[in-house]
């Protein structure tokens, strides 16, 4: 992950940070421009975005091209109905074109999904890393005054996910649907304009030769030439124009949520980039200043005045004292008198308002900060334990220490005998992390080891009192330096044995019995759902009837048939409103009654427990009220909402089967054989709309590193471990970065293949129908 860290600094230096767009309404958050969202991109990301853009645009063009091919196929069926052999040949040709189109959408879908996923992960990883580096370089005034309001961890986790979602998925989706919108409208209007142009030519010829037309009484013939029956606008072209314009409108609607997600990503990016932007202005540069060749250790406070930025009262006023090198010095005083502040100022966590602090006669402000802190050994009031190995925790004190030095430090802290008994010794991974008081309060393995350390001290002290040989190191290092770990195996076993893993899941039939009193509502809602499900197949039947009418040889019959079907569509649109009201009103009523019943049952069950049950952490007031609110709603979603969808889909399927088999059972059987491919395509389409961004839980470990570093920022700063934390954070980010490379190609290939198989299914059904049309008696 070293490469990520280096490139993150270089890229954000090369790409000037985008300016924030301040909204006119002060209540709205500032955002970055659409191009500012991609400010962390490098040259390879630019290539990925270009390929993703091409793939998404090509993907968006698939639907308009499909409707053109489908319209041409309809035209062949209409004009060549009497010549079945020629018609079959034409349909076979267009079916093969659909296969080629499927290959095109396979490549476009693969490239679009894979490239946007990969570049989204790469750019967001750089932003996460640069953000944490900027935070770690802040001085203590920032953490005292602004850190809580800045909500640092939220920006690293939630805001970064919004940015990645916007870059990785939603931009690709938006480009695809906007491409479909524009290309669909262009195709629709082009087709219409071409037809009107041809009609204009006919009108121009007739008017320029009007005497000849009148001479041969050709007025009626001229009118027929401009009409749909004789003109260049036929049923297929009308279908292509209408369906392209309609689906272009749908595409614009589908692009809207993605555009909204991109806007959220821009706002989230503004929060992240504003922190990075202030890095150069307000952060402490750890490497500025001089490093003394030799240190004696004489410290002098000379007329130091100081007050914390968050308080008004002065902590020190003209404080002056001197500590000679090699001397033991104790600072004693009541709470709040400034004992810890003296140490913090020697570490340069804070700068004096006036006066100087000198080390061997050099002002601390002139010394290199990282070098200065490396000269100090510190045991703070609240030593922290990081979620790393035991050896790595000890190495915070001296990064280049050997294993022998690590052993010596552990022996001095009275933990060596305990550590070597662990399965992996000093390479055991810490699971419990936090400061001393937090870990003691948990009562876990750390608390056990702390008691062991005290008992060792007592044993050593007894040995001294009884005159036996032995040496206690308890005086040398205070007990607050205790450290402990527990292996992951212990934790996993405890999790496996927890009662939550054995809770039974109720069956769907039990949920139905809970909702039994509302069966009249279920019946009425199901009637509405069945009628709603029947609409789509009946609409397709109406479209088929209208297209057949367009190719009728009888002009008057064609007009009547088209007008009749149009009126039926208008009537269906009017009836659709009460149908959906019937469906959703009664199912919603049924679901609300179920929520009330479930909440009352849960509340009664909660009140039946003993008092001790409420003292458990998992049964806190907030947890129980949240369960009452959320779980009952999930029960309603599981039963009422799903039942509505299931009834509607079953009705749709049955109606479609009845219509299909009544026309041709053989063609219907072929199409049904392709159902697995079509269902797979539908599922992957939903995954596409949801986003292939992956499992964001893979960032949990990286977020934990950031959380520990920020929570223990004084420890990190004391040991000059900012760079080490950044490397560790980058290493954790590298894991999902590698995963997304493979995941992006798998998702892209899977999605592209599903779309390819979907178009192949259409092609197969149409090709088989054309072949069967040669033998109408067996169709």
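Note that the numbers count up from 1, one per residue, in the order the chain is shown.
Cβ coordinates are placed from backbone N, Cα and C, and glycine is handled just like the others.
When TrEMBL is compared with the stretches 646-663, 700-717, 718-735, the one noted as transmembrane segment is 646-663. Ranges compared are 78-97, 98-117, 118-137, and TrEMBL records transmembrane segment for 98-117.
Matching 47-70, 143-166 against TrEMBL, the residues noted as transmembrane segment span 47-70. Non-local neighbours of the transmembrane segment (521-543) in the same chain are 239, 515, 565, 568-569, 572, 576, 579-587, 589-590, 593, 643-644, 647-653, 655-656, 659; each lies 6+ residues outside the stretch with a CB under 8 Å from one of its CB atoms. Counting residues of the domain 'ABC transmembrane type-1' (50-189) by DSSP class, helix then strand then coil, yields 130 helix, 0 strand, 10 coil.
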